[in-house]
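K.L.:
Pasting in a structure now, in structure tokens, and then I'll have a few things to ask.
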Protein chains: 4
Amino acid sequence: MRNFRRALFEQLDPPKWPGRGLSPLNAFLCVLILIATALAVLETEPLVTRGNEALFHRIEIAFGTLFLLEFLARLWVVPEGSDGPAWRCRLRFVLSPWSLIDILVIVTSFAPFIAANGQMLRLLRLARILRLAKLGRMSSAIQHLTHAIASRRLELGLTAGIALGLLVFGATALYLAEGDIQPDKFGSIPRSLWWAIITLTTIGYGDVYPVTVVGKIIAGFVAICGIGLIAMPTGILAAAFSDAMERSRKADCD
Amino acid sequence: MRNFRRALFEQLDPPKWPGRGLSPLNAFLCVLILIATALAVLETEPLVTRGNEALFHRIEIAFGTLFLLEFLARLWVVPEGSDGPAWRCRLRFVLSPWSLIDILVIVTSFAPFIAANGQMLRLLRLARILRLAKLGRMSSAIQHLTHAIASRRLELGLTAGIALGLLVFGATALYLAEGDIQPDKFGSIPRSLWWAIITLTTIGYGDVYPVTVVGKIIAGFVAICGIGLIAMPTGILAAAFSDAMERSRKADCD
Amino acid sequence: MRNFRRALFEQLDPPKWPGRGLSPLNAFLCVLILIATALAVLETEPLVTRGNEALFHRIEIAFGTLFLLEFLARLWVVPEGSDGPAWRCRLRFVLSPWSLIDILVIVTSFAPFIAANGQMLRLLRLARILRLAKLGRMSSAIQHLTHAIASRRLELGLTAGIALGLLVFGATALYLAEGDIQPDKFGSIPRSLWWAIITLTTIGYGDVYPVTVVGKIIAGFVAICGIGLIAMPTGILAAAFSDAMERSRKADCD
Amino acid sequence: MRNFRRALFEQLDPPKWPGRGLSPLNAFLCVLILIATALAVLETEPLVTRGNEALFHRIEIAFGTLFLLEFLARLWVVPEGSDGPAWRCRLRFVLSPWSLIDILVIVTSFAPFIAANGQMLRLLRLARILRLAKLGRMSSAIQHLTHAIASRRLELGLTAGIALGLLVFGATALYLAEGDIQPDKFGSIPRSLWWAIITLTTIGYGDVYPVTVVGKIIAGFVAICGIGLIAMPTGILAAAFSDAMERSRKADCD
């Protein structure tokens, strides 16, 4: 029994699996999570579920059972990972953010998903999509990204601040120029902000755009100046992430 | 009294606060500026202000008073920072660009904001948004960005010039191709410039686009060639800013 | 005869042509492929082919013959490149992916392209466009790109995973916010995914966008956060490709 | 006379002006070119020229005279720059591309710009916009950009080739998926190419987009894969340009 718990622990929470990959059990769980998420996504499409409600219900119960087993297994093996008394390890484990997501997902799997209606049903489904976040536990991606953000938090903060200021000034400029002509689109700064965000991220849906000559000149000026500044946080984040991965690769070789 | 002025000076204009952060007083002022700006933004939305005009008026007066106190405090403590006679320090302080923004913002806070109408009211509100620029005084972001721009002004100028030339040539090409077909959109080079800016920044609202085969071929060619050149200043600026931050971090360590 | 086969082999599959370029015969074949692809593209346009069906048919047969000759020549000279018995070299050559594309393209060239109709005809034409992939055999571009992707597969996988997760969460958020208001556009997560892809890649056609205040706030938030993360794989790939080319250039000099 | 020619030569074509800037005469000519181009742009707008035709005509003649004087001055001083007989230097100068632009611009300045109509008039105006290219003679930007492109021509060629191939495959995929549903937009590969260019450059006007489920899935896939590859030439070009400027700066210091 003791040995089995040890073996299971090494499968579920390996300190360092050879070859940087996932343990076989974790790889299987990843595939399970991806399939469950894909099903939860498809399930929201009426054209897919029509007539198959019972089937989807049964699949949902099956996945809920599997993830319940995974949670119980993790709860059982967690004392292997630290020295304290078993109950304290387990309590700390249950209260960790990953466990809270697990519990939420498992509970919503078993909730009768036909009873709930409209908005309530949608929130239930959101909980199921949250399963995708469980992948974060197994990968080091989120850790690397968090480190990358932390190591450049000053640059990111400054450029994000400048970008935010630019959004507000751009929105104010268009509010002044076109507030009277298109009151439903530029009639207030919050409304103009929608234009500023969609323009400076270069999405440009085309639902809101200036129509007067003055508005077009200001918008053109804001667009040319702003796009460079809006893109700066992206460049800094990409460079930081690249550096963090490079360092982690070197550390592995040593 | 002397000591209090010294302590206040060190809170308001610290030569170097330990840990690169803001002094407690400046951090409080930053939060104040952000809240005041957010309120000035919300205030322009009729759905928010309807029926709450008196409330917003009172809040505006309160913020105006706080920023007046801040300005007077800065005016009082400014001689601590230099050796000359106090009146000359104060005069120089009052005539600095930051102070002019401060004075403008404070005056507009107390101006009766119901009396003014339409365009005038909007300009008044713009002045309140300008408060956001006060943040620039406290952060080193604008300084870093200014340095980054200055250190690569040659590259930025050259690529900006090339980008500008490209905008004009693209606009001229579409004016030649579609000037007759869509005279209101491509009937002159200034009109075509709106298309060129919105296309080469990849915003693409969809209010103006070529419809003829020749126009589409030219536009496709301009788009493919142009986007690379338009994005170059952004890349150069991001690299320069990243370098400037790196140097500043190293200088801190030494 | 032996010498001619050797000379032909060195023209078709040179171990290393001086000056990094293509051998004269391969350069001629490249031009041939480009012309044939351009014709296959033009051929699909009714305005071009109307009345010229016979001409296009004859050109197609001519290109098919040339590429058949090329294939037979490659089949004949392939034993020059390795030591095993000739029939085994030839079998391995015929079963390689490049040869399968060759055979598919040649067969479809001779298929009567007037007989087939509609969807069938289109697939036939797709096969002709596939000729473009034959260029891959001659260039080292695909090899370099493959190496670049392989050397950073961890970063690319992680950022691609994060980007995918973001797409799903963004789509779910808009499904919750606007599923009732615009059921044909946001009525299910798969439908919302179309919005998420078109928004986070900053294409922004304008066929789908949020119309409620809550939807716009969520979409603005998703856009600002997401665009940086979506752009990260691009930056990493470009850096990796640049590095791979740099190394290849240095290796050439040594 | 000899000395004046020498002094003029050093103003017009300085071997190396101290401080990297332009000579006073060249700086004046730059401003002149910019003003003349701005006027040529404005001139095409009917709202601006209406009633001022005579004024614009006179301004045009004045600029034409100034640029004629500049051209004659350059023609006169050109033998100062080389050792051969004067007539040969002048002939070589007249046949250089810069001179051809000069002559074209001067001739069109004096052509009666009211006589010509419609398309002809537009081409005349294009010639005037070409003046902007004269700036290229004075700046080193185009030289730097040319060097940057030349030094990475292999990478740029490869990524441009991959991008081109991707455009063709994307267009073919949508032609297969939506050719029957939207024949005027995706009915042939050349028509689909307009969609592919506008989508993969992320412009996304919204005049053409897939409407079927299959078309949307293919388009989403093409968009996600393609945008990274399309952006690669830009990144490579920006890096090359940055490097070229860095080297030129270092060379200046030595």
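These residue numbers are counts, starting from 1, taken along the chain as shown.
Yeah, the Cβs are placed from backbone N, Cα and C, and that goes for glycine too.
Unlike curated records, TrEMBL annotations are generated automatically.
Owing to the predicted nature of the structure, the values given are computational and were not obtained by experimental measurement.
Quick paste from TrEMBL:
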- D:21-42: transmembrane segment (TRANSMEM)
- D:26-248: domain 'Ion transport' (DOMAIN)
- D:54-77: transmembrane segment (TRANSMEM)
- D:98-116: transmembrane segment (TRANSMEM)
- D:156-177: transmembrane segment (TRANSMEM)
- D:189-205: transmembrane segment (TRANSMEM)
- D:217-241: transmembrane segment (TRANSMEM)
K.L.:
Are there residues at least six beyond either end of the transmembrane segment (D:189-205) with Cβ under 8 Å to its Cβ atoms? List them, or say none.
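P.N.:
Result: 163, 166-168, 170-172, 174-175, 179, 219, 222-223, 226-227, 230.
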K.L.:
Where does the mean pLDDT land for the domain 'Ion transport' (D:26-248)?
P.N.:
82
K.L.:
Can you see whether the transmembrane segment (D:54-77) and the transmembrane segment (D:21-42) are touching - at least 3 CB pairs under 8 angstroms, only pairs 6 or more apart in sequence?
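P.N.:
Touching, yes - the transmembrane segment (D:54-77) and the transmembrane segment (D:21-42) meet the threshold of 3 or more Cβ pairs under 8 Å.
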K.L.:
Which residues of the chain, 6 or more past the ends of the transmembrane segment (D:217-241), have a CB below 8 A from one of its CBs?
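P.N.:
For the transmembrane segment (D:217-241), the far contacts come to 144-145, 148-149, 151-152, 155-156, 159-160, 162-163, 166-167, 169-170, 173-174, 177, 196, 199-202, 209-210.
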